[in-house]
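Taken from TrEMBL, the feature 4-amino-2-methyl-5-(diphosphooxymethyl)pyrimidine binding site covers N66, S105, K134. Look at TrEMBL and you will find 6-183 tagged as domain 'Thiamine phosphate synthase/TenI'.
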Amino acid sequence: MEILPLLFVTPEDLPAKVIVSRVQEAVSGGVSAVVLRRKNGPVRDFLDLGYLLRDSLGEEFPIIVNTRLDMALSIHAIGLHLPEDHIPMDVIRKKKPDNFLLGVSCHSRESVMRAQAEGADYVFFGPVFETPSKLAYGPPQGLKLLEQVVAEAEIPVVAIGGIHQGNIESVRKTGASGVAMIGDLAYSADPKAKAFSLRGGWTRGGSV
Ligand code: TZP
């Protein structure tokens, strides 16, 4: 799937305008899709951020929305990303627009297999490495398990959690379909250059 090699997951703790400008820069450097994620704060702020992003990226750019189907439909997202603990996917599947992607965050091998059996189009697997953004999920899953999950899964597996320029090559070697990142893109001094080098290394490796 061409949208999966390099995903920018939006951070929580930056103002909307800063998020939009960093996303825009990173997209011009090669980010393939944006995952719009906001767990805290009023839904109106989430929606405003969604509209700002849609306006700045244009109607065609792939945006996936975390958790909220109402939000995904409002900003013409290409898909919905669900937490590991989600309502049964067949309920959503029946209602979803054509070509709309459903992804699931998975924090174990069993969860990946469950999401696949339910009909997920792709999964996020992680955290692969230690990351302050996901300390709640306990110890990192590690590269070895990522590689096993990638080999076993029949749907694309996107690695997430603690991924940066210094370890992305080791992630690419597992055969993962892509990486999803917050920190290394959102807090970079130069998101365009960062995205360019992350994406370039990934593409040169030939796995997308
Ligand atoms: N799911 C698993 S780890 C994570 C999410 C949303 C956070 C990834 O953030 P970072 O900064 O790229 O480690």
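Easy rule for this one: first residue shown is 1, then count along the chain.
Using the three backbone atoms N, Cα and C, a Cβ is placed for every residue, glycine included.
Predicted, not measured: the structure shown is a model, and the values here were computed from it.
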Limited to the domain 'Thiamine phosphate synthase/TenI' (6-183), I'd like the whole-number average of pLDDT. 94
Across all the protein chains here, work out how many other Cβ atoms are within 10 Å of the Cβ of N66 (4-amino-2-methyl-5-(diphosphooxymethyl)pyrimidine binding site). 21
